[in-house]
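Accompanying notes for the structure given below.
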Amino acid sequence: MEPASPAGPDAQQPVAQGAEGASRSLLRRIKGKLFTWNILKTIALGQMLSLCICGTAITSQYLAERYKVNTPMLQSFINYCLLFLVYTMMLAFQSGSDNLLVILKRKWWKYILLGLADVEANYLIVRAYQYTTLTSVQLLDCFGIPVLMALSWFILYARYRVIHFIAVSICLLGVGTMVGADVLAGRQDDSGSDVLLGDILVLLGASLYAISNVCEEYIVKKLSRQEFLGMVGLFGTIISGIQLLIVEYKDIASIHWDWKIALLFVAFALCMFCLYSFMPLVIKATSATSVNLGILTADLYSLFFGLFLFGYKFSGLYILSFTIIMLGFILYCSTPTRTAEQPESTVPAVTSIGIDNLGLKLEENLQETHSVAL
């Protein structure tokens, strides 16, 4: 019997080709999972919201630094008035169960609490800047994301996988990188007058944001976007108007109005109105958690614009931070969540099954069905 001959190059070639084919197949699977049309559309929608938030930040900073105008409640009041004029008036002319008076008779106290949470969330975050540092606000504001996930677990019956917690951790790591870049770039100049009070205000504001976002997701997926915006516009106008008279009437009286200040107020109001108008659409197509992860880039957009408008110093860590946040956001959206079965005696039946990007997937499925039919 002849001894076995050693394997030559011809014998090793199929092995190498098989390994190369397996690696290409793996890359195609990863690309097909992370860079689908649904995820790209979700990213675009999330960054559109981030740009709206960026617009509010830039206009507010211009008002504060160039014209010494610090009236966050007045700015919010104008936005709520716009919501009232558009969406509350739409509800007033609706018929049946969607009519404004019918909604108020059944759920007026619930929407008062929702309006209060939304107004105070906006106010507390802005007011916190007077007491604590920019770093503290940026870091502690992320506290709203785990609160939002916990509320979604118990109220919306959302069930997360391990990859979702990993993705959230990656996004928070990106925020930490951004804060580090701020410190290295010298943007952390003021230690604040009462850091503890400021930090508490940030935590309270972030928690109220989470409550408002969970309620928003519940309403837009089970009821309607117009009802949410109409009720927030109605009670937000009333609550912010009362608070405006109490806490800011002296600041408003001291404003030296000119066309530039008026233009900045208009720009802020339009950005906020677009944010409130489009966010329910994005939440309905995805989820409140994925939206909040997507808008973590808003501070980075403000920093990029600040390089030209306010003379900020550039740091390569800003690019790294943006990349890390987007990576975590894509990873979160790549795997759908699921919804646990609800007790029959609680809320009405769910109209969505708790899958991120569900609205976008349904839209594509409908388009495919229509094409097949044709």
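Glycine is treated like the rest: Cβ placed from N, Cα and C.
Whatever TrEMBL says is automated annotation, not expert-curated.
Among the features that TrEMBL reports, transmembrane segment is placed at 34-64, 76-96, 138-158, 165-184, 196-216, 228-247, 259-279, 291-310, 316-333.
Looking at which of 76-96, 165-184, 196-216, 259-279, 291-310 has the most CB pairs under 8 Å to the transmembrane segment (316-333), the answer is the stretch 165-184. Only sequence-distant pairs (6 or more apart) were considered; of these, fewer than three Cβ pairs between the transmembrane segment (138-158) and the transmembrane segment (228-247) are under 8 A, so the stretches are not in contact. Contact between the transmembrane segment (228-247) and the transmembrane segment (76-96) is supported by 3 or more Cβ pairs under 8 Å, counting only residues 6 or more apart in sequence. Counting Cβ pairs under 8 Å that are 6 or more residues apart, the transmembrane segment (165-184) and the transmembrane segment (259-279) reach fewer than 3 and are not in contact.
For the transmembrane segment (291-310), the list of distant contacts is 42-43, 45-47, 49-51, 53-54, 57-58, 61-62, 65, 138, 142, 144-145, 148, 167-168, 171, 174-175, 178, 182, 213, 279, 282-283, 318, 321-322, 325-326, 328-329, 332: same-chain residues at least six beyond its ends, Cβ to Cβ under 8 Å. Outside the transmembrane segment (76-96) by six or more residues, the chain places 102-103, 119, 122-123, 226-227, 229-234, 236-237, 240-241, 244, 265, 268-269, 272-273, 276 with a CB less than 8 A from a CB of the stretch.
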